[in-house]
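Sharing a structure with you now.
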């Protein structure tokens, strides 16, 4: 029994030394390489330096408002988003983006961007990992999978599936995890949490029933799983997360691979008939956008299979 522990310690020591050597090697190769904001130096398989978008920013909280009207957790997240989307985003001012007083034709819908979704997911994983208890000499601990199983059973209503309301109740167990404050208005932030929970469910909902089995739940919150960067499709063009387009006085935003639009009455009238007609027109338009998106994704899957 003792020799197994010594062997395990030896393997850990070897892995640690190897990791230290890799860090020193990377530091040496990247010593004189400047990558610019939102990018970091990495070493290729050939041992050459290259600049890539930052994989993960440090989670320190210093909100800034970007020139695109989005609030970011810190400067690093803003520049990382600019790098990933290939767009030019500058810091407009420190702090959360200010809420517009009046509703104007350019008002945007409340949406959960991929950066919001990934930040919520990161916080949940960090919270769950903090509950891991290693096995002791005379006691059994709790691993990551067992902790997830405990929460899954606690919030499942008995159908062996977590829907969005059950998932949201699970997330609300941790105050840090739900404290996403992109908007100045608290009601919008509450709506944002629900939208981001839906976005998390969509990540691993393999049968598209908007409910997660335990295996889907496990995949969604697997620390080694990297959520894909999804884009929106429209008229044979693809748009990055955060891209916007206008239809009359309404604005549509690309968020987590889906188009989300406002439903405003463009002639300024508040009559019920006009409002209903405007909403119906926007519903049809959003459906058209989603059809374009589904067609593009199907074409992509077919192309992948052919390759």
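The backbone N, Cα and C atoms fix where each Cβ goes, and this holds for glycine too.
Just lifted these from Swiss-Prot, have a look:
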type: DOMAIN; residues: 29-52; note: domain 'Follistatin-like'
type: DISULFID; residues: 30-41; note: disulfide bond
type: DISULFID; residues: 35-51; note: disulfide bond
type: DOMAIN; residues: 47-99; note: domain 'Kazal-like'
type: DISULFID; residues: 53-83; note: disulfide bond
type: DISULFID; residues: 57-76; note: disulfide bond
type: DISULFID; residues: 65-97; note: disulfide bond
type: DOMAIN; residues: 143-177; note: domain 'EF-hand 1'
type: CARBOHYD; residues: 143; note: N-linked glycosylation site
type: CARBOHYD; residues: 174; note: N-linked glycosylation site
type: CARBOHYD; residues: 179; note: N-linked glycosylation site
type: DOMAIN; residues: 192-227; note: domain 'EF-hand 2'
type: DOMAIN; residues: 232-286; note: domain 'VWFC'
Please tell me which one of the disulfide-bonded residues listed here (57, 76, 83) sits closest to residue 65 (disulfide bond), measuring Cα to Cα?
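So, spelling it out, the nearest of the disulfide-bonded residues is 76.
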DSSP three-state call for residue 76 (disulfide bond): helix, strand or coil?
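Reduced to three states, the DSSP call for residue 76 (disulfide bond) is helix.
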Just going by other Cβ atoms within 10 Å, which of the disulfide-bonded residues 30, 57 has the emptiest spot?
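So among 30, 57, the disulfide-bonded residues given, the one with the fewest Cβ atoms within 10 Å is 30.
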In the same chain, who gets a Cβ under 8 Å from the domain 'EF-hand 2' (192-227) while lying at least 6 residues past its ends?
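Long-range Cβ neighbours of the domain 'EF-hand 2' (192-227): 110-112, 114, 116-118, 120-121, 124-125, 128-129, 144-145, 148-149, 152, 159-164, 167-168, 171, 178, 180, 182-183, 255-256.
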Let me know how many other Cβ atoms fall within 10 Å of the Cβ of residue 51 (disulfide bond).
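Other Cβ atoms found within 10 Å: 15.
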Can you see whether DSSP assigns residue 65 (disulfide bond) to helix, strand or coil?
strand
Reported in the order helix, strand, coil, what are the DSSP residue counts of the domain 'EF-hand 2' (192-227)?
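When I sort the residues of the domain 'EF-hand 2' (192-227) into the three classes, I find 20 helix, 1 strand, 15 coil.
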Going by DSSP assignments with H, G and I as helix and E and B as strand, what are the residue counts for the domain 'EF-hand 1' (143-177)?
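Secondary-structure breakdown of the domain 'EF-hand 1' (143-177): 23 helix, 1 strand, 11 coil.
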Report the member of 35, 41, 83 (the disulfide-bonded residues) whose C-beta atom has the most other C-beta atoms within 10 angstroms.
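Highest number of other Cβ atoms within 10 Å: 83.
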I'd like the per-state residue tally for the domain 'Follistatin-like' (29-52) from DSSP, helix first, then strand, then coil.
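The composition, in the requested order, is 1 helix, 9 strand, 14 coil.
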What number of additional C-beta atoms lies within 10 angstroms of the C-beta atom of residue 174 (N-linked glycosylation site)?
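Residue 174 (N-linked glycosylation site) is surrounded by 15 other Cβ atoms within 10 Å.
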Around the C-beta of residue 179 (N-linked glycosylation site), how many further C-beta atoms are within 10 angstroms, looking at every protein chain?
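Neighbour count, Cβ to Cβ under the 10 Å cut-off: 12.
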At the Cα level, what's the spacing in Å between residue 143 (N-linked glycosylation site) and residue 41 (disulfide bond), rounded?
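A Cα-Cα distance of 34 Å.
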Going by C-alpha distance, which of the recorded positions 51, 83, 179 is nearest to residue 76 (disulfide bond)?
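Nearest by Cα distance to residue 76 (disulfide bond): 83.
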Across the domain 'EF-hand 2' (192-227), what does the mean pLDDT come to, as a whole number?
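Summing pLDDT over the domain 'EF-hand 2' (192-227) and dividing by its length gives 91.
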